C-alpha cells in the first residue's frame, strides 16, 4: 500500500504518457481492485473444489463399516472410532488445502513484485540511486521471505515443492536484475510502453498482496481460537503487526 500501489499510480499518471486514457481514469486502482477480486475468486473456487473432493472421499470411506461383519466390532466401538477418524480427516485436509492455496497465490504476487523491482534496480544507471536501494530491497525481500516461508511451512508441501518455491522466490529478483542490466542500454524507463507495463504490473501485484495479507493471512491468524482466548497473545500479535507495518513503510523512503 505504501510503496507498490503509489508507484503504480505514479507510473500511469506520468507526464511522459502523452495522449491515451491513462490520465483520465485511475487505471492503477481499477487493476488493483480487479486483481484482488480475481484472487478472491481463485481462492474460493480452489478451496471449495478441494473441500467438496475431501468431503466425498470421507463420505465414501465412512460408509465402509456398514458392510463389515458386526462381530468384528463388538459393542460398536471399532466402527465408532473408525467413523470419527474419517470425520476428523476432512477438516485437517481442508485446512491443509487452504494453506497450500494461500502460499501459492501469495508466491505469485511476491514473484511479480520481485521481478519488477529487480528489473528497475538492474536498469538504473546512477550509483547514487542504486546504493540506497540495495540495503532497502535486501530488508524488503527478507521480510517478504519470512512471511512466504511461514505460509509454505504451514502448507506442508513435499520437499521438491518446497525447494522449487524457495528457489523461485530467491532467484526472481536476481533474474530481474540480470534482465534489467541486459536491457539497460536500450531500456528507457520514461518511455510510454515501459511506464504502462510497469504501472499495470505494480497495480496487479498490489491488489494480490493486499488481499492475501488482510484476508488470508492476518484475518485468519488473528481469528483463531488460540489467539482470541489469550489477551497477551493478542497484544503481542497487534504490536508485532504495527511494528512490521512500520518497518515496511519505512523502506519506502529509499525503495
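Using the three backbone atoms N, Cα and C, a Cβ is placed for every residue, glycine included.
Remote same-chain partners of the transmembrane segment (27-50), defined as residues 6 or more beyond its termini with a Cβ less than 8 Å from a stretch Cβ, comprise 5, 8-9, 11-13, 21, 93-94, 97-98, 101-102, 105, 109, 199-200, 202-208, 210-212, 215-216. What TrEMBL lists as transmembrane segment is 27-50 (among others).
Here TrEMBL flags 60-85 as region 'Disordered'.
For 64-78, the entry in TrEMBL reads compositional bias 'Basic and acidic residues'.
Look at TrEMBL and you will find 162-183 (among others) tagged as transmembrane segment. For the transmembrane segment (162-183), the list of distant contacts is 103, 107, 110-111, 114-124, 137, 141, 144-145, 148-149, 152: same-chain residues at least six beyond its ends, Cβ to Cβ under 8 Å.
Under the heading transmembrane segment, TrEMBL lists 195-214 (among others).
According to TrEMBL, the transmembrane segment annotation covers 235-254 (among others).
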